[in-house]
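Engineer: Here you go, one structure.
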Amino acid sequence: MGPTASGKTGLALHLAEHFPLEIVNADSVQVYRGMDIGSAKPTLQERQAIVHHLIDVTTPDDPFSAGRFRTAALEVIEDCHRRGVIPALVGGTGFYFRAVEQGIAEIPEVDAQIVAELNRRVCDEVGLACCYAQLQQVDPPWAARVEPGDRQRIVRGLSVYLASGQPLSYWQQLSCQQAPEGPALRICKLAIEWPREQLYARINQRFEQMLKEGFMEEVQGLLSRGYHGDLPAMRAVGYRALIGYLQGAYDLARAVELGQRDSRRYAKRQITWLKAEPGLQWLAPEGAKQAALDEVRAFLQFFKKK
């Protein structure tokens, strides 16, 4: 686990050199084919060296929900257990981890007319900022997890409230209080804790490196294949900043600035979530690989004795 650019993949690959381990992707963008550079997807060489699951599962126009992820991940986990292999979930998408461990919230269905009306209001009437302010009033916990420009999640929060009379965060909390269906899991949670300024510097540097590796061309290719900017996948951090540049909304310098800013904000939200994650072991960057080895060995030895 861990925020973007913290070194999750490198740590997982190191562990795989010492344990019978296969990696289960828990990044909500790496599930999409063609979204490689911007999602920091493991290289082909890395994926050939160590078995990776749930990468390139579907196309960017096919939303991959937390429910779909939970079903697929549990199948992989059970298969790994049957073969005597350790499944290691690697990624920074908190609701994917939560879906596996706690189950999925049973949220009431929302009539399509409500969603359509909210989208119309956002586009044609009051605007996104006003809708976000309304979300802050009716569902502060959900609003705190949503970017002011995230139209999809703002509409999602308001639509559930209008349809059920209860905020989305209420239904999520209700589900978390219930025992999830599925196998009981024993989990060792690890994350690398960088000083904030060092992490932000890594994020800025990585975004620039992605551009050198062809991130802009990747986005151009996705758009040329018909994957438009309103798709949830295409609004992922980094992608939407470059789409704005390609559509003439601002210059390249501004696109880089927005991409880096959005990545830093995303990391901040990830850290906030991780700080509240029970049982998580934080590792200092110096010596993180050895510390992770020690933690995993102790974890496996503890349950081996039981």
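Counting begins at 1 with the first residue displayed.
Using N, Cα and C of the backbone, Cβ positions are placed for all residues, glycine too.
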Engineer: Under Swiss-Prot, the annotation region 'Interaction with substrate tRNA' belongs to which of these stretches: 37-41, 62-66, 152-156?
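Structural biologist: Within the set 37-41, 62-66, 152-156, Swiss-Prot attaches region 'Interaction with substrate tRNA' to 152-156.
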Engineer: Under Swiss-Prot, which of the candidate ranges 3-6, 27-30, 227-230, 275-278 is annotated region 'Interaction with substrate tRNA'?
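Structural biologist: That would be 27-30, per the region 'Interaction with substrate tRNA' entry in Swiss-Prot.
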Engineer: Identify which of the recorded positions Thr4, Ser6, Thr9, Thr93 has its Cβ surrounded by the largest number of other Cβ atoms within 10 Å, counting every protein chain shown.
Structural biologist: Ser6
Engineer: Within 10 angstroms of the C-beta of Pro3 (ATP binding site), what count of other C-beta atoms is obtained when all protein chains are considered?
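Structural biologist: I count 27 other Cβ atoms within 10 Å of it.
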Engineer: Mean pLDDT, the region 'Interaction with substrate tRNA' (152-156)?
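Structural biologist: Its mean pLDDT is 88.
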Engineer: About how far apart, in whole Å, are the alpha carbons (Cα) of Ser6 (ATP binding site) and Thr93 (site 'Interaction with substrate tRNA')?
Structural biologist: 13
